[in-house]
Ligand SMILES: *[C@@H]1O[C@H](CO)[C@@H](O)[C@H](O)[C@H]1NC(C)=O
Ligand SMILES: *[C@@H]1O[C@H](CO)[C@@H](O)[C@H](O)[C@H]1NC(C)=O
Ligand SMILES: *[C@@H]1O[C@H](CO)[C@@H](O)[C@H](O)[C@H]1NC(C)=O
Ligand SMILES: *[C@@H]1O[C@H](CO)[C@@H](O)[C@H](O)[C@H]1NC(C)=O
Ligand SMILES: *[C@@H]1O[C@H](CO)[C@@H](O)[C@H](O)[C@H]1NC(C)=O
Ligand SMILES: [Zn+2]
């Protein structure tokens, strides 16, 4: 085996040498010679592979054609099974929102999850990967090519696209202008679900007043108006209220609220038991106390992991948990002390346990809110560890809910500038480096390594000046000896920015359960709210109400034709009833 490797290695190395001799940095990417150089690079990469000491991949299994054929056959069988559509009414709907979870984030988190389990990584199937229906979501705001999280949350929760930065208001509202929001409020799926007698819940790792959760219950011309101290003079004059106040005093009766952001609910005089920090409220109101006073009976407020675990879902109908003054901790920053704060999977489980007691079903929003923050900081470890934790929460919902009556949707509000590139070997550490090997066009011409994960812009822009005599050179930082898998490491970027930005390309929607097949093709983002409402028979979507909720038909016995016959029966019954009434009157 070793001999074979050596011979193969020599062979590839010779080819690589020949290719390299012709290689030089390609300035013109359309130049035909580029293709030649490019293939040289691939040979050269393979030469490196052949030299690799102990390779666990590809596995013997993966070298066997039958392995791939059998896998494809199983996938075809699964796809054929999906031809029988699940047209039930969705009693329950869970929307998982990975904030900033673009496609490159999903792929790299998948590899991370696999590598954490000791596998090469690429072959891993995330919980979200296993949802069978997908669509692409166009994320722009009506005034922004690359969107923000408030305008996008308004789209996928309230069903209308709006300006960037606004919460739960339609496109007639101008960002930051309170008076322009009056009369232009948009109702979210939570409002419709509560109106239909369902229970509702919000779980987030960000502040519960942050953009994504806020759009589920508040109406605000600016996402930043989280506490009263954030309101502008114009907003106060025109009686706009802050987002925390709306959650407790004006929003629908949400049963479960779990996340961070206690400072938005507490007066200045308050001292956080964990940090000693103060509240943000100038009005002196303790909104947590107000919530507790209002929710008499089976309600509970918790602020730490110990109390959270003690909450008995059977005897608790309302649960408010605010575990940090601001956002909850990054997964990568958590200690092993579960008394601190629950994971997103823990919160999802508890929320479902409480909400599912309602015979009318529930709507639950679960946000992985800090994936976005990890990316903004250009700390890929933090972003991806939070994505893996988010996927664990998806698994919890999959385990607890039945696809016959529960629609599970996983999507992102927008992407980020994260790229995943180079020609790393299979199973290469996802936070690793593409090492400089020789001057071919696909290798760096500054002869410096680069990480497989890079950002288009952000704080990781790292040029260094080196002086040699009178000669001063500006180069990228040499990261050869840097631990790029450290959670505080900032991946390099092309443009310097204090905070890396969102990305504007489409994001993916993944779904399973009643009407999940409506997620297909390339859609505008606000379509998500409409499909969830259609599936659950909420708001204006009453045409799907031909079956009593809670007694779903078995999956697959009915298509549109069968649904048509339901209508016929219903219509006939109503008509004959009317005729009989008319007859008795006459
Ligand atoms: C705010 O909106 C109102 C109502 O649409 C409008 O009359 C006013 O001019 C706007 N103010 C600014 C500063 O744009
Ligand atoms: C704001 O509320 C006060 C008190 O209810 C009221 O007198 C005033 O007219 C309101 N202002 C606007 C612009 O609605
Ligand atoms: C959790 O909160 C409860 C209620 O305030 C408190 O009694 C308890 O000491 C806290 N536990 C920890 C570990 O902070
Ligand atoms: C460096 O710059 C100084 C001042 O301009 C000059 O006198 C000297 O010759 C230069 N040295 C070299 C090695 O170019
Ligand atoms: C980068 O650093 C490594 C290790 O210190 C060193 O071997 C290498 O020569 C450096 N590369 C460049 C281009 O300076
Ligand atoms: Zn963001």
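Keep in mind that glycine also has a Cβ here, set from the backbone N, Cα and C atoms.
Note: residue 149 (active site, phosphoserine intermediate) has non-local neighbours 99, 100, 210, 211, 212, 223, 372, 413, 414, i.e. same-chain residues 6+ apart with C-beta under 8 A of its own C-beta. According to TrEMBL, the active site, phosphoserine intermediate annotation covers 149.
Secondary structure at residue 99 (Mg(2+) binding site), taken from DSSP and collapsed to helix, strand or coil, is coil. All chains included, 29 other C-beta atoms sit within 10 angstroms of the C-beta of residue 99 (Mg(2+) binding site). As annotated by TrEMBL, Mg(2+) binding site applies to 99, 210, 212, 367.
Long-range Cβ proximity for residue 376 (Zn(2+) binding site), meaning a same-chain Cβ under 8 A and a gap of 6 or more residues, is found for 100, 416, 458, 499, 500, 501. In this structure, residue 376 (Zn(2+) binding site) is part of a helix by DSSP. Annotated Zn(2+) binding site per TrEMBL: 99, 372, 376, 413, 414, 502, in sequence order.
Residues annotated as signal peptide in TrEMBL: 1-23.
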Just to confirm: which same-chain residues, 6+ apart in sequence, have a Cβ under 8 Å from the Cβ of residue 367 (Mg(2+) binding site)?
96, 97, 98, 99, 202, 203, 204, 205, 206, 212, 213, 259
Once near-sequence residues are set aside, which residues in the chain of residue 502 (Zn(2+) binding site), 6 or more away, have Cβ atoms under 8 Å from its Cβ?
100, 146, 147, 148, 372, 414, 415, 416, 417
Starting from the Cβ centroid of 99, 210, 212, 367, the recorded Mg(2+) site, name every other residue in that chain with its Cβ within 8 Å, sequence order please.
97, 149, 153, 204, 206, 211, 213, 368, 369, 372, 413
Which of these binding-site residues (210, 212, 372) have a C-beta closer than 6 Å to some atom of ligand 6?
372
So residue 413 (Zn(2+) binding site), by the Cβ count within 10 Å over all chains shown, scores 29
Hey, does DSSP put residue 210 (Mg(2+) binding site) in a helix, a strand, or just coil?
coil
